[in-house]
Amino acid sequence: MSLTKKKVLVGMSGGVDSSVAAYLLKEQGYEVIGATMQIWQEDKEVEEREGGCCSLSAVEDARRVCDKLDIPFYVLNFRDSFKKKVIEPFIQEYIDGRTPNPCIECNKHLKFDELLRKAQGIGVDYIATGHYAKIEKKDDRYMLIRSDDDRKDQTYALYNFTQDQLAHTLMPCGEYTKDRIREIAKEIGLAVHNKKDSEEICFISDNDHGKYILNAKPGAVKSGNFVDKSGNVLGKHKGIVYYTIGQRKGLGLSVGRPVFVTDINPRTNEVVIGAEEDIFKTELIAGDLNFITFDKLEKEIEVEAKIRYSAKPAKATIVPLKDGRVKVVFDEKQRAITKGQSVVFYNGNIVIGGGIIEAII
């Protein structure tokens with residue numbers, strides 16, 4: 001009796017990581033199917049530009065890789081879902097004075113939810129991506145573990161996994177360094193082996209989110225006042241969507257000293273300006289929580305926490321609140337804690353969970 005190969009659908013962006021992920025899984029004996037999520041909108045600038053995972057060139061790169069690996073390739077239409085679950089909330093968050101992370105929302109709602117359900121609907125056992133993270137089962141629970149390549153670790157953007165999603169997801173790149181992934185791609189003759197990493201927001205071609213929001217919702221972007229913490233007017237801003245906490249460049253203010261964005265008030269349409277010391281805080285409130293290592297936080301625990309993708313984990317205590325949110329208290333002050341960003345909790349290399357920063361205390 002022959003054993004049936006397990007089927008895996010690999011989400012392919014046209015980049016080197018997902019391409020090598022497909023190769024590694026085929027080598028491990030899986031029946032591999034390549035698929036690219038078509039998420040670009042009716043926007044020729046985005047559709048035709050080079051590089052990003054939304055572009056037509058990325059689809060062609062993924063198709064060529066699948067031809068090389070001799071695996072089937074499909075393009076799946078996620079346009080409506082991407083607009084509803086990623087783009088529209090992204091715009092609204094900025095209008096509401098927060099700074100969102102669209103990659104986290106895309107992972108949560110599309111890649112590891114809708115794509116997984118579509119895959120299971122056609123009899124596929126697993127989905128896989130080129131993310132730098134590891135999934136391991138310990139006792140009766142799946143764990144999300146930091147990548148072996150600390151510089152490229154992507155667990156910050158992956159904390160929303162459910163146990164069922166982890167059970168049906170493969171991330172083969174987590175066992176390798178980025179340099180080794182590129183070497184493998186070159187060794188097997190993949191043209192994407194030296195393709196540049198995509199670092200900008202995939203649906204914004206010039207990385208100018210303010211201009212993007214102005215074009216999408218012109219009536220929602222209004223100029224207002226820069227004020228100090230006492231409410232004194234220091235100048236005019238061009239719309240709160242252009243600013244984020246801790247920002248110094250591009251303010252267009254001349255006040256004789258270095259100043260930074262310390263708060264954004266959508267109710268009054270004001271951007272609060274202050275000294276650098278004003279953007280260092282130790283406490284925050286987070287909501288929209290997801291925990292991986294347990295179902296619910298019952299008591300306060302000590303963790304390491306990251307407040308943005310590029311931050312180093314810092315020692316903190318998370319305290320459950322009666323309303324279902326948590327208070328996070330850092331041992332040391334953190335620079336530019338920002339509403340709308342995620343705070344992610346770690347125990348060493350293990351991801352405990354995370355949530356959205358809703359308030360800074």
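Every residue gets a Cβ built from N, Cα and C, even glycine.
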Site-mate of Gly11, Met12, Ser13, Gly14, Gly15, Val16, Asp17, Ser18, Met37 for ATP in Swiss-Prot, selected among Gly97, Gly121, Gly123, Gly130: Gly130
Which recorded positions sit within 10 Å of His131 (site 'Interaction with tRNA') - Cα, from Ser13, Asp17, Cys106: Asp17
Alpha-carbon distance [Ser13 (ATP binding site); Gln341 (site 'Interaction with tRNA')] in Å: 24
Euclidean distance between Cα atoms of Cys202 (active site, cysteine persulfide intermediate) and Gly15 (ATP binding site), Å: 13
DSSP-derived class (H/G/I helix, E/B strand, else coil) of Asp17 (ATP binding site): helix
